[in-house]
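Only one structure is covered here, and it is reproduced in the block below.
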């Protein structure tokens, strides 16, 4: 506790032998962070530049990739600073802000994937109505809701936690996630109930909607001709792969928080790194390789680079 400024600091206790391997950790994480930014923004720029990619599906992909970059930037800079610091600490207010961004952006990803599933459903199952349903206004409303709804819900949880008394100043992790609840002297029943409601609205409902939508697409395309099935597979498979990847990330987060005390410190660190390492790189790789139009523009870009 800093008495002069009245700032409460939390010790991040999830690091393993950081003083011994600080330079190795720093180089690896900095390299990954640069790769995440470059890979995601390359595809975002391609979507921005090429007019044939100015369609709802690609706009939603761009939003998803921007979401990944912002979420990564919420964690990586602080991690890099911690690797080179003698003490791995964070102020409680900054910790709450990191918690807010991590979960609001994570929930936004579920909602964006749900919107993308609906977009694919309309495109494949109602192609004649697609231009009138997926208008620019509709796309804008979906994007706003995907970011604002989770942000409002997580903001309420953060506000509930601001004035709660802390009895523990050591966080079992390398960044601020649900483990911050273990810092409080008493658990709030109201906050717990609201947290469950938030999970249902921003994660469970979108997940069920996605599964229902892709089941409908599968049933309808199964009865259709081969070309329709091929188109459905080409556009839906990348979204399903990203959904599976992100669901695994969420499962990791729940396991780490709920069973953290039973896990060895090294195992907990490895699981945490799984959450923040592969998924932000997985998205651009999947969309870059599996989406035909994006893949075509990427090949042109790399061919031009080699020619220069």
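Glycine is treated like the rest: Cβ placed from N, Cα and C.
Copied over from TrEMBL:
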DOMAIN    39-287  domain 'G-protein coupled receptors family 1 profile'
TRANSMEM  23-49  transmembrane segment
TRANSMEM  56-76  transmembrane segment
TRANSMEM  96-118  transmembrane segment
TRANSMEM  139-162  transmembrane segment
TRANSMEM  193-215  transmembrane segment
TRANSMEM  236-257  transmembrane segment
TRANSMEM  269-289  transmembrane segment
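Long-range contacts of the transmembrane segment (56-76) within the same chain: residues 29, 32-33, 36-37, 40-41, 43-44, 47-48, 98, 101-102, 105-106, 108-109, 112-113, 115-116, 119-120, 123, 134, 138-139, 142-143, 146, 175, 235, 242, 276, 279-280, 283-284, 287, 291, 293-294, each at least 6 residues beyond the stretch ends and with a Cβ under 8 Å from a Cβ of the stretch. Put simply, of 23-49, 96-118, 193-215, 236-257, 269-289, the stretch with the most CB pairs closer than 8 A to the transmembrane segment (139-162) is 96-118. Proximity of the transmembrane segment (23-49) to the transmembrane segment (236-257) is not established, fewer than 3 Cβ-Cβ distances being under 8 Å for residue pairs spaced 6 or more apart. Predicted-model confidence for the domain 'G-protein coupled receptors family 1 profile' (39-287) is 87, expressed as mean pLDDT. Listed by sequence, the residues of this chain that lie at least six past the ends of the transmembrane segment (236-257) yet keep a Cβ under 8 A from its Cβ atoms are 64, 106, 109-110, 113, 116-117, 120, 124, 173, 177-179, 203, 207, 210, 214, 217, 263, 268, 271-272, 274-275, 278-279, 282-283, 286-287, 290-291.
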